[in-house]
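Colleague: Below you'll find the structure I mean.
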Amino acid sequence: MARAHKYDVIVVGAGGAGLMAARYAAQHPGVSVAVISKLYPTRSHTGAAQGGVGAALGNVSEDHPEWHAFDTIKGGDYLTDQDVAEMFAHEVVEAVYELEHMGLPFSRTPDGKIAQRKFGGHTREFGKSAVERACYAADRTGHMILQTLYQQSIKDNVVFFNEFHVLDILIEGGECVGVVAYELATGQLHTFHAKATVIASGGNGRMFKVTSNAHALTGDLMSVVYRRGIPLEDPEFYQFHPTGLYKIGVLLTEGARGEGGILRNKDGERFMERYAPTIKDLAPRDMVSRAMYMEIREGRGAGPDNDYIHLDLTHIDAHIIETRLPDITEFARIYLGVDPVKELVPIQPTAHYAMGGIPTTINTEVIRDGDNTIVPGLYAAGEVACASLHGANRLGTNSLGDLIVFGRRAGIYAARYAAETSYKDLPRDEQDFSRALIDRALNGPGWERVSRIRQDLQESMQDNASVFRTEETLTKQVEVLKELKERYQKIGVEDQGEQYNTELMEALELGFLLDNAEALVHAALNRKESRGAHSREDFKERDDEAWLKHTLVYKDGEGVRIDYKPVTLGKYEPKPRVY
Amino acid sequence: MATAPANLERQIRVRIKRFNPEQDKRPYWAEYNVTARTTDRVLDVLHQIKWEMDGTLSFRRSCAHGICGSDAMLINGVNRLACKVLVKDLGDTISVEPIRGLRVIKDMIVDMEPFFDSYKAVLPYFINDTPAPSGERYQSPEDREIFDATTKCILCAACTTSCPVFWANGSYIGPAAIVNAHRFIFDSRDEGTADRLEVLGKANGLWRCRTAYNCTEACPRGIPVTQAIEDVKRELLWRRT
C-alpha cells in the first residue's frame, strides 16, 4: 500500500460521530472522504452504549425540545453553553428521524412509533417529574446506531483505513493539513494529506481502574492535539456511571432504573429518596454516584467488605426485563453469576465518560484559546470533543445524541470548508514526530513494564482523582504522575516486529493516557469548588461567582498552563441544582 | 440476598497456538502456567500472559464484554469470545487457537477481509427509495420482532469460521452474511429483498448450507443462526414459485 494519501476530508475514528461525519461529508458533491480507525469500525465503543438516545419526540408522553435543553443545562450544573444545548435539543429530534430513515430498528410502541422510556435527569415542565425521552432499541441502542451507520457507509462506498493508529496531526502555518498514522498490519507510517480533518476518536476511560470503557479508549487524539499546543477543555469533569458491575465495571444501563429499578443499601433501604426526593433513582449520574459512595462510606454498603450497592430489579415483570434489558441481564448472569430477575445485582460507580475534551465551536471547529480562535481545517465531534453541551455532568442518552448531532455537523462543515479551500503544503519531514515516538518506545532502556505503569496509573487515578477529590489527593496525584512519566521514559517493548505489534501500540497508548491524566488532575486541582462530576470535599459548594467558567489546560514544556473562558449563558439563570 | 463471588485463585495451564510470520515457518504450541481468579475471563488470562510473561503475544480485543466482537477465538476447541468465557467454566488446561478458515496473520490475529467481503456482498444496508416521511416510518412491534434476533450480530465471525462448509470452501458466503441479509429481508420497511436474494441464490450462496448447526452453537449472541438461514431459504423458494 502506498504510504502517502490525499483526501479532501479525513475522519479519525469510526464510531457513531466518525461515521456520521463521513456520511455527511461524502454527500457534499466532489468531496473525497476517508475514515481512519484504530479498530474495525464495528468494534468502536459506540456499540456498547445501551439505554437510548434522548430526543423530545413526544411519542409516549408530551415533550418539547425546550424541556430537553433545560434538563441538559441543569444536568450540566450550568456549565453547559446554553446556545449549544438549545441547538442540540432541536437537532437531535431531526437526527433520530434520520437514523430511523436509515433503517435503524428502534423498539416500537403498540401503535408503531419509536418507543421511549425514562432516563436520569430527563423531566417534563422543567423538573416536575420524569419523562419518557430515551428512544431505544432494547438495551442495544448504541449497537444499532453503530451497525446502521456502518451499513450506510458500505452503501455509500466510504473508504476505510482499518487498524491504523493515528499518532500525530499535522499543523502548518496554524492550519491542520492532515495526520500521520501507524499501520498495524505492516508497522509502516502513512501520511494523510487533507484539506479538513475531523477527529472523532472517543474517550479516555482507561485511565481509571474500574471503567465501562473498552481497552481502546486511551484518549489518543486528545493527547495528540494537546501535544500540538491545543488546549483540553474541562477535563476535570469526568463522569462515573452509578451502575457498573462490581469490580469489573461492565455497564448496566440507566435504562434499568428507567424501567423501575431501585438502588438499595445493605439494609435494603431505597436511599435515593434522601438525596433526590423528586426523581429519586433517576437523579443525574453525578448525584447518584456520590450518594452511593456516601452510603458505602457510612457503613451501609453491601457485601462482606461493605463496599458495593445493590440494583434491585426483582419487582419488575420478568418479561419486561428479558425483552427490554436482555443484554445487561446476560452480563450479570455471566460475569457475576447473579440473575437480575430473582436476585439483587452488586454494583459500584464505573468510570464512564469525559465531559471535557478538544474544545470546539457549536459548529465543531476546533479552537485553540479562550478567544475562540479557530484552527482552520480541524474539526472534532463525539466524546473526544467538548462543544460544552454536557457541562459538568452529562445526562444519560445525551452521548448518543451528541454523536449524531455533532458528527453530522462535523461532516457538513468539514466538507463545506474542504470544497472552498485548496490543499496546503505539508510540513517538512512530516513523519519525524511519529517516528520518534515509535523509536523511543522500541529502543528504550527496557526495565519498566508498560502494564505495570498503566496499572499504577489506573489505581492512583481511582484513589486520588475519581468521584471525590481534595487538594491533598490531587497534589499527591500530581506527584504520582510525575513519577509515572519518568518511569515511562524507561519502558521496554519485547516485541520488535513490524506486523501487528500490539505491544508497541499499548506502549504508545500509555503515553497518551498519561497526558490525559495530567490534564485532568491539574484542572481538578485548580478548580476550587464542587460542580457536577467534579466534587471537591474541601470546597463542597458550587461557586458561580468565581468558577462559572470553562477550564482550558495547555501543555507547557513538562508542565501545564491553565486558562479559563466564560460559559455562554442564556435564558436559564443558574439556580441551586435540586431534584 | 446476593453477594459478589469470592475471588478464589487456582493454577491453570494455558496452551496457545503461536505464530509470528517474521520468525516462524509454521505455528507451534506454547504453554504458560498462570494463576487465575474465579471471576477471570479467558481474556484476562491472555492479558496476564501478554503483560507479565510474553509481550509478543498478539490478539485483538476491545470492549471486553461481548459487544465489539474483536476477540473471537477457538477456546478448548469451540469458537467463543475470550471476554465472555469465564476460566471457572473451563478445566485446568485451556487451549487457545485462532478461528479457522481465515488466514492467520500472527498468533490469534486472522485476515478478516474475506469475511467482511462476504458481508458486504449481501447488500447489508437498508434499502427504501420511497421518499421518507417528515417523521418516522411506523412499524408494529410484531413486525419489528420478526427480525429482532438477527439485529444482534456483532460480526465477530464465530459462526462463519465454525462452519464445515466454509472450511472446505472459503468462497461460501457463510452464515454471518446470511444473518445480516435476514435482518433486512424481514424488515417490513425494506425494499431490497429481491436484490439480496439474487446474491444469496448464487452458487456460493445459501444452498451450500448443510444445516450442521455449528454456527448456532458458536454464536456468542444467542442468534438462532441456522433458523435464520432456513427462513431465508424458504423466502427464496417462496419468491421463485
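Every residue, even glycine, has its Cβ placed from backbone N, Cα and C.
Bear in mind that TrEMBL entries carry predicted annotations, made automatically and left uncurated.
Straight out of TrEMBL:
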type	residues	note
ACT_SITE	A:R285	active site, proton acceptor
BINDING	A:13-18, A:37-52, A:D220, A:E383, A:399-400	FAD binding site
BINDING	A:H241, A:T253, A:H352, A:R394	substrate binding site
DOMAIN	A:8-400	domain 'FAD-dependent oxidoreductase 2 FAD-binding'
MOD_RES	A:H45	tele-8alpha-FAD histidine
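Situate these features within the shown structure.
Modeller: In the three-state DSSP assignment, the secondary structure recorded for A:R285 (active site, proton acceptor) is helix. In the shown protein chains, 25 other C-beta atoms lie within 10 A of the C-beta of A:R285 (active site, proton acceptor).
In sequence order, A:V35, A:I36, A:S37, A:K38, A:S44, A:I199, A:A200, A:S201, A:G202, A:L221, A:G382, A:V384 constitute the residues six or more apart from A:G13 (FAD binding site) in its chain with CB-CB distances below 8 Å. Look at A:G13 (FAD binding site): DSSP puts it in coil.
The Cβ neighbour count for A:H241 (substrate binding site), using a 10 Å radius over every protein chain in view, is 25.
A:H45 (tele-8alpha-FAD histidine) counts 26 other C-beta atoms within 10 Å of its own C-beta, drawing on all protein chains shown.
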Colleague: How many Å lie between the Cα of A:R285 (active site, proton acceptor) and the Cα of A:R394 (substrate binding site)?
Modeller: 8
Colleague: Do any of A:T253, A:H352, A:R394 (binding-site residues) have a CA within 10 A of A:G51 (FAD binding site), and if so which?
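Modeller: So the list is A:T253.
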Colleague: Which one, from the binding-site residues A:A17, A:L39, has the smallest tally of other C-beta atoms lying within 10 Å of its C-beta?
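Modeller: With the binding-site residues A:A17, A:L39, fewest surrounding Cβ atoms within 10 Å: A:L39.
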Colleague: Need one number for the substrate-binding residues A:H241, A:T253, A:H352, A:R394: the maximum pairwise CA distance in Å, whole number please.
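Modeller: Those residues reach a largest Cα separation of 14 Å.
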Colleague: Is any of the binding-site residues A:G13, A:A17, A:G51, A:H241, A:H352, A:S399 near chain B, in the sense of a CB under 8 A from one of its CBs, and if so which?
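Modeller: Near chain B - Cβ to Cβ under 8 Å - we find none.
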Colleague: Just to verify a number: CA distance, A:G47 (FAD binding site) to A:H241 (substrate binding site), in angstrom, no decimals.
Modeller: 17
Colleague: Sequence gap of 6 or more, C-beta under 8 Å: which same-chain residues meet both conditions with respect to A:S399 (FAD binding site)?
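Modeller: Listed in sequence order: A:A49, A:Y353, A:E383.
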